[in-house]
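A quick write-up on the structure given underneath.
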Amino acid sequence: MAEVVTGRFAPSPTGALHAGSMVAALASWLDVRAQGGVWLVRMEDVDTPRCVPGAAEQILSQLAACGLNSDRPPMWQSSRGAAYGAALAQLVEAGLAYPCACTRKQIEQDALAAGHLHLRQAERVYPGTCRPERGGLAGRAARAWRLHTARAGGSAAVSWSDRRLGRRSQGVEAAVGDFVLRRADGLWAYQLAVVVDDAAQGITDVVRGEDLADNTARQILLQRALGLPMPRYLHTPLVLAADGQKLSKQNGAVPVAMDDPAGVLRAAAAVLGLTLDAGRPVGETLAQAVALWRAGWLAR
């Protein structure tokens, strides 16, 4: 059976879509449409405390105004706990996941004591304090669950080819450490959820912003550990704020107004290097964008 190209747009409903998230939405849609595939929307609402009531509905309304409609009903991560639990159980049974009792303060102390001075996003890389071979919980109560990156193959470099960024590689154990699969507050971690959901939805092509490229090695490691297929990856250019950082809700990004959806599409396409004609309705604007994507991005 021939492969059905399947892509997805997976926003977190912490607010309405801004200019940066519109670029990611359009890119993932164009990539699928240019290949005659299936485009899906997934609401990554696994971090429920951060979700804003009504944001998911607002996001779906913005997408619909721009002609970007999911080919199936959206998936909601908040309803997927059983699937994530099954994946964690599989990892535990294989000896690839373990419970962790460490607080952030203890991680900081243990990392410094072990000479691990490397900071990752202002936090210490987890030094493996609760690994089973180091004594495990040692009588303490479990707080979280972590992937044993060494046993999962993360000591060696995890390599992949990005359709835009080229050959990429990361030694997950050294760069990230044993990352969290289930958090101390009981919520499922993003890395596990996205890997399980990509496989469940048959995602063949992950198209997302370049800021998420750093997650790829961890996700590939989990895919291998769970025996799941690895999709192709394409990380797109970012929209930058005035301070040169990625545009986000944290640095002043405002919701995209939908009084001119075709104009919103043209602006997003421009970030992707696509120049679209002004004055066309949404349907014609999207058709032109698909043709340009097929001639440009797919031809790479």
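Glycine is treated like the rest: Cβ placed from N, Cα and C.
Phe9 (L-glutamate binding site) is surrounded by 26 other CB atoms, counting those within 10 A of its CB over all protein chains shown. Per Swiss-Prot, the feature L-glutamate binding site maps to Arg8, Phe9, Ala10, Pro11, Ser12, Glu44, Tyr190, Arg208.
Residues or ranges marked as Zn(2+) binding site in Swiss-Prot: Cys100, Cys102, Tyr126, Cys130. DSSP assigns Tyr126 (Zn(2+) binding site) to a strand in the three-state reduction.
Residues or ranges marked as ATP binding site by Swiss-Prot on the basis of sequence analysis: Lys249.
Over the motif ''HIGH' region' (11-21) the predicted model carries a mean pLDDT of 95. Among the features that Swiss-Prot reports, motif ''HIGH' region' is placed at 11-21.
Each residue in the motif ''KMSKS' region' (246-250) gets a DSSP state, and the totals come to 2 helix, 1 strand, 2 coil. The motif ''KMSKS' region' feature in Swiss-Prot is assigned to 246-250.
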- Query: Around Cys102 (Zn(2+) binding site), how many other C-beta atoms are within 10 angstroms of its C-beta?
  - Reply: 21
- Query: What count of other C-beta atoms do you get within 10 angstroms of the C-beta of Cys130 (Zn(2+) binding site), across all chains shown?
  - Reply: 26
- Note on the structure: Using a 10 Å radius on the Cβ of Glu44 (L-glutamate binding site), the other Cβ atoms enclosed count 19
- How far is it from Tyr190 (L-glutamate binding site) to Tyr126 (Zn(2+) binding site), counting Cα to Cα, in Å? 17
- Query: For the recorded L-glutamate site formed by Arg8, Phe9, Ala10, Pro11, Ser12, Glu44, Tyr190, Arg208, which further same-chain residues have Cβ atoms within 8 Å of the site's Cβ center?
  - Reply: Arg42, Met43, Val194
- Query: Per DSSP, how many helix, strand and coil residues does the motif ''HIGH' region' (11-21) have?
  - Reply: 3 helix, 0 strand, 8 coil
